[in-house]
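Undergrad: Annotations for this protein, taken from TrEMBL, read as follows:
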SIGNAL    1-25  signal peptide
DOMAIN    26-329  domain 'Plant heme peroxidase family profile'
DISULFID  CYS36-CYS116  disulfide bond
SITE      ARG63  site 'Transition state stabilizer'
ACT_SITE  HIS67  active site, proton acceptor
BINDING   ASP68, VAL71, GLY73, ASP75, SER77, GLU89  Ca(2+) 1 binding site
DISULFID  CYS69-CYS74  disulfide bond
DISULFID  CYS122-CYS325  disulfide bond
BINDING   PRO164  substrate binding site
BINDING   HIS194  heme b binding site
BINDING   THR195, ASP247, ASP255  Ca(2+) 2 binding site
DISULFID  CYS201-CYS233  disulfide bond
Amino acid sequence: MELRGVVVVVLASVLVLCCRSVLEAQLQVGFYKSTCPQAESIIASEVRRALASNIGLAAGLVRMHFHDCFVRGCDGSVLIDSTSNNTAEKDSFINNPSLRGFEVIDNAKTRLEAACQGAVSCADILALAARDSAVMTGGVMYQVPTGRRDGRVSLVSDVLPNLPAPTFDVDQLTQSFASKGLTQDEMVTLSGAHTIGRSHCAAFSSRLFDFNSTDGQDPSLDAGYASQLKQQCPQGSNDTSLVAFMDPRSPYTLDTAYYGNILQNRGLFASDQALATDSTTAGLVKQNAAAGGGIAWKRKFSAAMVKMGQIDVLTGSDGEIRSRCRVIN
């Protein structure tokens, strides 16, 4: 019976991988070259316009793509608004108020519908906007396979079980990413996206005041950095708008400073710091931190983003092409 159970698990895993491979094969670079040849340039111009006003939206769009793909696959379900009958993903306590940049997707969609009605999916707009955000903050250009279709379901209950928490250890992080078909190396690489953007204090304040230690502070956190964070996020504050940069050294530049930070015990999340202290990932952190100019890591990051962007996608006749990204047709 035990052997039979192992065989069933192995066969099930193979089937999942095969199905993913078939879906990925239906995505292609230049999918819109005949139906909407200006699609990528329209999206890039909207991202560029938004970042000119608020460069912080770059991190928001990259994060939004991640949160979309890890919950129900890369189907644009994170963009759907809640209704009187359903609370959607975007209104999970994890996503609201931390996710931002929805208006960038809306603006791009409006222009795309005017240029080529019903052609470009919201899921593809988000994937391309995330790529453009990474490139415009210092990343290397990469091609995004397109052809995703939009999902019709968005449930708040799907968010918590599928997104890695900022308190996760390396084993939990590895399992979370593996469940989406991503390796431990890709997990460490994608974690480097924390080199841009910010976090609300609630996501890490327990490391400052409520940790299981004599003074309530996480001993793995650099004392000087902890003191700085306590000034930004005072204990007992009810101000939910308070934030701190993920990477104070270069918060608007996609670089390898994140890895240097966690090697100096300056990781904002416990999950960040765990990458540098766990023996299974510490070597990858050091390798990324030492990458001259960060080009090697940026190329790895681009490849990992492409792979992440193919998680459980809808293609062909599945799903739909929403006319408005916030509402199912």
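Including glycine, each Cβ sits where the backbone N, Cα and C put it.
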Undergrad: Judged by the number of other CB atoms within 10 angstroms, which among CYS69, CYS116, CYS122, CYS201 is the least packed of the disulfide-bonded residues?
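TA: Looking at the disulfide-bonded residues CYS69, CYS116, CYS122, CYS201, the Cβ with the fewest others within 10 Å is that of CYS116.
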Undergrad: Near GLY73 (Ca(2+) 1 binding site) in space, meaning Cα within 10 angstroms, which of the recorded positions do we find among HIS67, THR195, ASP247, ASP255?
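TA: For GLY73 (Ca(2+) 1 binding site), the recorded positions whose Cα atoms are within 10 Å come to HIS67.
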Undergrad: Given the recorded positions CYS36, ASP68, SER77, PRO164, THR195, CYS233, tell me which ones have a C-alpha lying within 10 Å of the C-alpha of CYS325 (disulfide bond).
TA: SER77
Undergrad: Check each residue in the chain of HIS194 (heme b binding site) that is at least six apart in sequence and keep those whose C-beta is under 8 Å from its C-beta; list them in sequence order.
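TA: Spatial neighbours, sequence-distant, of HIS194 (heme b binding site): MET246, ASP247, TYR258, LEU268, PHE269, ASP272.
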Undergrad: For Ca(2+) 2, what surrounds THR195, ASP247, ASP255 with a Cβ no more than 8 Å from their Cβ centroid?
TA: GLY192, HIS194, ILE196, MET246, ARG249, SER250, PRO251, THR253, LEU254, THR256, ALA257, TYR258, ASN261
Undergrad: Within 10 Å of the Cβ of HIS67 (active site, proton acceptor), how many other Cβ atoms are there?
TA: 22
Undergrad: Enumerate same-chain residues with a sequence separation of six or more from SER77 (Ca(2+) 1 binding site) and a Cβ-Cβ distance below 8 A; give 'none' if the list is empty.
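TA: Sequence-distant Cβ neighbours: ASP68, VAL71, ALA88, GLU89, ASP150, GLY151, VAL153, SER154.
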Undergrad: So what sits near CYS74 (disulfide bond) in its own chain, CB-to-CB under 8 Å and at least six residues off in sequence?
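TA: Residues satisfying the criterion: HIS65, ASP68, ALA123, LEU126, ALA127, ARG148, MET308, GLY309, GLN310, ILE311, ASP312, VAL313.
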Undergrad: Work out how many Å separate ASP75 (Ca(2+) 1 binding site) and CYS69 (disulfide bond) at their Cα atoms, rounded off.
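TA: Per the Cα atoms, ASP75 (Ca(2+) 1 binding site) and CYS69 (disulfide bond) stand 7 Å apart.
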